[in-house]
Number of protein chains: 2
Amino acid sequence: MNENILGIVAGILTSVSMIPQLVKVLKEKNAEDLSWTMILVLISGLSLWVWYGFLKNELPIILSNAFAVIVNVILLICCMIYKKKS
Amino acid sequence: MNENILGIVAGILTSVSMIPQLVKVLKEKNAEDLSWTMILVLISGLSLWVWYGFLKNELPIILSNAFAVIVNVILLICCMIYKKKS
């Protein structure tokens, strides 16, 4: 199997699995279950993966981790907005 | 920076960020917030990443995704045990 196709399918699956969490937080306007610290640790890790992908020149790694960074930055912003209110 | 060290640091950060979720579920014996479907999608995606890592012969990708598979299999088992009870 072509490695790039495999990586893209893997990336789509792991990306899709993050959507419900994001939708739930946006819909319920509640970020109680989320931890700032963990989101920050995760964003750092994912950003390093993007960097790793650039060094290795591997598009599937760059794309799926960049997507995950975006999702988690939105979650972090939700945390800041909704936790302040409560 | 050495790519492997970068990948290992990235893997440690993304792995660490999963632990609190696991600890919370094990401690509270409550898997209400977890979705079977999403965990299954995630396990499929992570397993493909492990496969991708083997094809590309990249240890950081294999190790961090294999760890994530284990965490999510435990979460899936918790889902099966705790949701049946409630």
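Every residue gets a Cβ built from N, Cα and C, even glycine.
Any TrEMBL annotation is an automated prediction that lacks curation.
Noted in TrEMBL for the protein shown:
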- B:6-23: transmembrane segment (TRANSMEM)
- B:35-55: transmembrane segment (TRANSMEM)
- B:61-82: transmembrane segment (TRANSMEM)
Fill in the blank from the handout: Under 8 Å Cβ-Cβ from the transmembrane segment (B:35-55), and at least six residues away from its ends along the same chain, one finds 61-62, 65-66, 68-69, 72-73, 75-76, 79
Fill in the blank from the handout: Per the Cβ filter (under 8 Å) with a sequence gap of at least 6 from its ends, the transmembrane segment (B:61-82) is approached by 7-8, 10-12, 14-15, 18-19, 21-22, 25-26, 29-31, 34, 36, 39-40, 42-43, 46-47, 49-50, 52-54
